[in-house]
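Some features that TrEMBL has for this protein:
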TRANSMEM  5-22  transmembrane segment
TRANSMEM  28-50  transmembrane segment
TRANSMEM  62-80  transmembrane segment
TRANSMEM  92-110  transmembrane segment
TRANSMEM  122-140  transmembrane segment
Amino acid sequence: MGTYLIRIGAVLLWGSLVFIPRKSIKRFMPVTILSSLITMTGTFIGLNYNLWEIKGNARRKLWNALTLVLGLFPLGNIWIYHLTYGNFRRYVLANLLNNIIYGLPIITFLEKMNFIKYTKFSRFHHIVVAMIYSTILYGYQNLYDHSEK
């Protein structure tokens, strides 16, 4: 039951995109797609090396991973870029806050819901890796913007 509520919540949160101008969505979609691909790759590598467990059989594991990587992650990515891009300090702070919130209370909640469990990967690792990803992705967006001009 809990996993269905998480999935429904992820779908409903996509409705918040109506508050972001289409121009911003179009501008930040390439970096959002790239970040989702990197995150999905990292998720499957982590599963293969038992860094974390996603509960359930193979089909349920796939749906649970996709719920996080394609449900919540891209939405947060677009919002952070829309609100902070152009001010690197604000971007880093927003990502740090987002990663701390996800890495601490949200992962704890997801573990209690039997959705995911970190085994060899700590919450600190999550925050560090996510900050490295976000810095690289900011550089990618910067290069992408300059190539468009």
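Numbers run from 1 along the shown chain.
Each residue, glycine too, has its Cβ placed from N, Cα and C.
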Recorded stretch that, among 5-22, 28-50, 122-140, has the most CB pairs under 8 Å to the transmembrane segment (92-110): 122-140
Proximity of the transmembrane segment (28-50) to the transmembrane segment (62-80), 3+ C-beta pairs under 8 angstroms: yes
